[in-house]
Amino acid sequence: MNYQLSSGDSNVLFKMKFDNVLSEINGFGKFQTMIVLIQSLSRMTLPCHFLLNNFIAAVPSHHCDLSALDDDGVFGNLSQEQRLTVSIPVQEDGTPSSCKMFPEPQFNLLSNSNDSDLATVPCQNGWVYDNSTFKSTLATEWDLVCDRKGMNKATATIFFIGVMCGAPLFGFLSDRFGRRAMLMVAYLATMVFAFTSAFSTSFVMFCIMRFFTGVTLSGISIISIVLSVEWFDIQHRTFAGVIVSLDWTGGNMLLASIAYFVNDWRWLTIAVTSPLVLAVITWWWLPESARWLLANGEKEKAHFYLEKCAKMNNRSKCMAEITPQTLTNAVRVKDEEKKYGFVDLVRTPNIRKLAICTGILWYGVAFTYYGISLNITGFGMNVYFTQFIYAAIELPGKIMVYYFLNKFGRKPGQVGTLLLTGTCVFINIFVPQGLWVFRTIVGLFGKGLSEASFTIMFLYTTELYPTVVRQNGVGYTSFVGRLGVSIAPLIALLDVVWELLPAVIYALVAVGTGLVALLLPETLNVRLPEFIEDIEKPRAELDGESGNPLKQADENRNGNGTVEVT
């Protein structure tokens with residue numbers, strides 16, 4: 001159906017696409033700003049939880065509890081340093097062993113420092129921890145050190161397995177029941193599981209609660225980015241993707257600041273979850289995706305939200321000729337009998353290729369990013385300061401990403417950031433530990449580049465998948481990405497095989513993923529696809545449907561003064 005829209009003194013007749021409608025009511029105004037700000041409350045909790053293990057699972061310096069050796073007061077007036085000397089063997093680097101002790105005091109070591117031939121045993125009576133930095137962590141609460149250190153690393157893996165499972169679940173549900181409703185479900189469920197995990201009475205209970213916290217946080221992650229991007233017009237989608245990703249940077253810095261003052265793992269978990277209380281309150285002002293509503297035949301609701309958008313953006317006059325009925329031409333309504341699911345991601349050739357390539361992309365980007373982010377030691381700096389700097393370096397990186405994406409496109413940005421990330425990791429492999437300043441600078445560049453690749457990936461994936469399976473697509477790719485995240489912490493345990501092996505693996509994966517990204521199409525200034533059929537079209541057809549509708553109208557004006565824009 002056509003409708004009239006005045007432009008100057010002439011009447012221009014349009015057959016509108018949804019992006020054209022969105023441009024007319026301002027696809028980048030106060031309404032879109034409101035959406036981004038409302039969701040920033042919940043999105044800032046994401047990095048706080050995703051990187052929480054850097055603090056709640058930290059392992060402070062420790063040594064065996066020596067009380068069993070001093071039952072009869074044999075230590076007498078020995079200083080603490082002397083007690084350690086006669087009770088704890090020394091490691092190759094000269095520091096006391098964290099996991100071994102002598103079965104009985106070796107007083108001869110006070111005059112002879114050679115303990116290489118003396119028998120040792122594992123810690124017999126637990127451990128004593130240095131609580132100067134961390135008052136309480138998972139490691140100190142349940143003694144997850146020495147032979148049990150793998151259990152401490154596993155807590156991050158368990159959490160990210162939950163995130164991995166939640167991605168396809170919430171992707172499917174939000175495509176079926178809407179973005180807004182499932183976002184509220186994710187908010188409430190995250191609070192329940194996160195607060196419960198903070199009051200866990202056993203390690204098993206904590207792991208179960210962290211798993212379900214990961215499941216529900218995944219819903220917040222994938223739904224919020226899609227809901228935001230779907231309300232921005234073509235010209236401002238890059239800005240939407242980058243500005244939303246700044247919530248991650250802010251949350252990352254917030255985590256370092258909160259952790260500095262709250263050094264008990266239980267209270268820290270509660271503190272980083274608390275912003276969701278405000279997110280639940282502000283959810284009532286959050287609109288549903290009009291694009292999703294139209295694709296699902298709910299034209300009345302879509303028109304309602306479009307009117308709200310036009311009013312807030314001072315474009316109410318533009319809605320005079322747009323009725324619920326005319327909106328049916330803006331987006332083809334999907335067949336009511338057709339239920340889209342994950343199978344549709346592999347049903348036809350082009351979207352199958354897209355699913356394979358984006359799956360590999362997400363795995364590689366997430367694997368590399370968290371491999372770097374969850375290893376913030378070894379740079380010779382305070383853990384809180386390192387975390388804060390790691391977060392702060394993302395800010396200038398994202399600003400550069402915005403200008404690069406607008407000028408050169410998503411594909412070269414994705415490929416370039418991944419290849420450079422791998423290069424930075426490779427460089428640090430060959431830099432001696434003593435040059436910690438240079439290692440830190442290279443590490444920060446690598447961290448900034450890996451975050452840039454993550455930012456591009458979210459926007460890129462959202463633009464590649466059609467509306468009817470967009471959340472399914474983002475859910476599937478997020479599932480594969482979180483599989484990479486789940487494995488990333490465990491790769492660090494391979495340092496017992498070869499100290500440099502984890503870094504080599506992270507670098508190779510980054511470079512390999514960058515090469516795979518070369519197979520993806522460019523999406524700069526291309527109209528968002530609505531149906532799978534749009535993916536199967538020649539790319540030139542989609543390119544021809546993008547851009548400014550008024551400009552296209554001038555180019556296609558016919559003899560009677562009207563144009564048709566498709």
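Here the Cβ of each residue, glycine as well, is placed from N, Cα and C on the backbone.
Automatic prediction, not curation, is the source of TrEMBL annotations.
If you look up TrEMBL, you'll see 101-524 marked as domain 'Major facilitator superfamily (MFS) profile'. Mean model confidence of the domain 'Major facilitator superfamily (MFS) profile' (101-524) amounts to 86 (pLDDT, 0 to 100 scale).
Among the features that TrEMBL reports, region 'Disordered' is placed at 542-566.
Residues annotated as transmembrane segment in TrEMBL: 154-173 (among others).
Marked as transmembrane segment by TrEMBL: 185-205 (among others).
Here the transmembrane segment (211-232) has Cβ contacts under 8 Å with residues 22, 27-28, 31-32, 35-36, 39, 42-43, 45-46, 49-50, 158-167, 169-171, 173-174, 179-180, 182-183, 185-187, 189-190, 193-194, 197, 239-241, 244, 286-287, 289-292, 309, 458-459, 462-463, 467, 470-471, 474-475, 478, 482, 528 of the same chain, all six or more residues outside its ends. Taken from TrEMBL, the feature transmembrane segment applies to 211-232 (among others).
Counting same-chain residues at least six beyond the ends of the transmembrane segment (239-261), those with a Cβ under 8 angstroms from any Cβ of the stretch are 28, 32, 36, 39-40, 43-48, 51-52, 54-55, 224-225, 228-229, 231-232, 268, 271-272, 384-385, 387-388, 390-392, 394-395, 398-399, 401-402, 405, 451, 454-456, 458-459, 462. Feature annotation from TrEMBL assigns transmembrane segment to 239-261 (among others).
According to TrEMBL, the transmembrane segment annotation covers 267-286 (among others). Outside the transmembrane segment (267-286), and at least 6 residues removed from its termini, the chain residues within Cβ reach (under 8 Å) are 34-35, 38-39, 41-42, 44-45, 48-49, 52, 55-56, 180, 183-184, 187-188, 190-191, 194-195, 197-198, 227, 254-255, 258-259.
With a threshold of 8 Å between CB atoms, the same-chain residues lying at least 6 positions outside the transmembrane segment (354-372) that come near it are 50, 160, 345-346, 414, 418, 421-422, 425, 443, 446-447, 450-451, 453-454, 457, 461, 464-465, 473, 476-478, 480-485, 487-489, 491-492, 502, 505-506, 509-510, 512-514, 516-517, 519-520, 535. If you look up TrEMBL, you'll see 354-372 (among others) marked as transmembrane segment.
According to TrEMBL, the transmembrane segment annotation covers 384-405 (among others). Within the same chain, residues 47, 51, 54, 238-239, 241-242, 245-246, 248-249, 252-253, 255-257, 259-260, 373, 376-377, 412-413, 417, 444-445, 447-449, 451-452, 455-456, 459, 524 sit at least 6 positions outside the transmembrane segment (384-405) and bring their C-beta atoms closer than 8 Å to a C-beta of that stretch.
Under the heading transmembrane segment, TrEMBL lists 417-438 (among others).
If you look up TrEMBL, you'll see 444-462 (among others) marked as transmembrane segment.
Residues or ranges marked as transmembrane segment in TrEMBL: 474-494 (among others).
The transmembrane segment feature in TrEMBL is assigned to 500-520 (among others). Distant neighbours of the transmembrane segment (500-520): 353-354, 357-358, 360-361, 363-365, 367-368, 371-372, 375, 411, 414-419, 421-423, 425-426, 428-429, 450, 460, 464, 488, 491-492, 494; these residues of the same chain sit at least 6 beyond its ends, with a Cβ under 8 Å from one of its Cβ atoms.
By number of Cβ pairs under 8 Å, the transmembrane segment (154-173) is matched best by 474-494 from the list 185-205, 417-438, 474-494.
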